[in-house]
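Feature list (source: Swiss-Prot):
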BINDING   C261, A262, A263, P264, G265, G266, K267, D284, D310, D334  S-adenosyl-L-methionine binding site
ACT_SITE  C387  active site, nucleophile
Amino acid sequence: MQKFVKNVKKQTVLLSTRAIAAQIILQVLDQGKSLSTLIPDTQHQVKTQDLPLLQEICFGVCRVLPRLELIIKQLVDKPLKGKTRIVHCLLLVGLYQLLYTRIPAHAAVDEVVNATTALKAEHFRGLVNGVLRRFLREQETLLVKVDKHWHTLHPDWLVNRLKEAYPNWREIVEANNHKPPMWLRVNQQKNSTETYRTLLAEQGIEAEKADNPCALRLLQPVAVSQLPAFHEGAVSVQDVNAQWSALLLAPENGELILDACAAPGGKTTHILEQAPQAHVVALDVEATRLKRVHENLARMQQQATVICGDATQPAQWLKQLSESAVQFDRILLDAPCSATGVIRRHPDIKWLRQASDISALVALQKQILQALWTVLKPNGILLYATCSVLPEENALQIEQFLTNNVDAKLEPLPFTAVEGSVGYQFLPTENGGDGFYYAKLRKVVS
């Protein structure tokens, strides 16, 4: 890695929050790493009270990156490349603070300038100070120049895909550029949704009910430690539209159910909330991510069979089950996808994903669908789900599957959809939830 960048995982001393933010942003932009991996790996390097600021800066920079980049172009004569890229990322941090946080300007500038020392880039101290102070002096004029055109804050390839698919593409882009609300899923084995809402109110936490029977929307986000009985499994944090997975699967006690691509386990635990006596198999190809599944099961006081395996190769992992000639009553396939429906929550997706990724994802989805169909019982249910808004991963994928598999029948869903549509597409413009797609398939008996 570059001279000025510490390996985040090997840091052993506390660094400035701004320095760590710059390192994280550099790794997102130049190495394709995700915030969901980098921030947990670095949070031990900041004071507990500074963690929200670290998250705000990193997610915020990724959310409005093109605007910040345009501003830097106006302020820096020569692009900061190579070993100086970390300084460029530090300027992104500084500009974000000045534009989008309530930190006093003088304090924000001082902290960012001081971060050059932590990054062993002290000789750029004057440049950083000069650029940020010039921005403060010329802010009004600069922003008029930068904002004279409507900016999507999305990569062009994704905007073009959205334009092709949706007449209201601008609304989708606009929704993606806003912070999402915090949604809770109430464990119906412990409390009704209304009862838990009362418990929240007693703690001074306001919440609204939704069409989804398990969901509550917090008017203001809070730390999970503030949620009543969170560590006892009374509630989980999960988007309202993601919560439909277990509800549409409609598991029943005594059934053998596969949660494919299960990590981090939110859907696994919801299935067990709906059917506590079901035998649930949680499968994921990444062993490290299965740790989260175990943690969630422990918090919810539930049991499931957790297996590391490739969903495209059932024969390799079915042997780990005690049942012989295994076939599942129900399968939830939350397929690997572009995650273009959850950009509000993960704005780095805009810069991590490339147009060329989509065809590979579509091919993988097709392969997994076909493989898992072979281990579904006759008359069994497979629920296909993605957190994508791209038709080729969703309706077009299922249309092709139905064409190729005469024993597959599309089941109705309890949503009002466009006549003739295949499955149902939630958009981030609709109900305060993320973009999700669902299609419910039954294996018909010939």
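Residue 1 is the first one shown; counting continues down the chain.
The backbone N, Cα and C atoms fix where each Cβ goes, and this holds for glycine too.
Features as recorded by Swiss-Prot, highlighted on the structure.
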residue: C261; record: S-adenosyl-L-methionine binding site; Cβ contacts under 8 Å, 6 or more apart: L283, D284, V285, A311, L333, D334, A335, P336, I368
residue: A263; record: S-adenosyl-L-methionine binding site; Cβ contacts under 8 Å, 6 or more apart: A282, D284, E286, R289, L290, R292, V293
residue: G265; record: S-adenosyl-L-methionine binding site; Cβ contacts under 8 Å, 6 or more apart: A282, R292, V293, H294, E295, N296, L297
residue: K267; record: S-adenosyl-L-methionine binding site; Cβ contacts under 8 Å, 6 or more apart: A242, S245, A246, D259, L332, D334
residue: D310; record: S-adenosyl-L-methionine binding site; Cβ contacts under 8 Å, 6 or more apart: V285, Q316, W317
residue: C387; record: active site, nucleophile; Cβ contacts under 8 Å, 6 or more apart: A242, D334, C337, A339, T340, G341, V342, D434, G435, F436, Y437
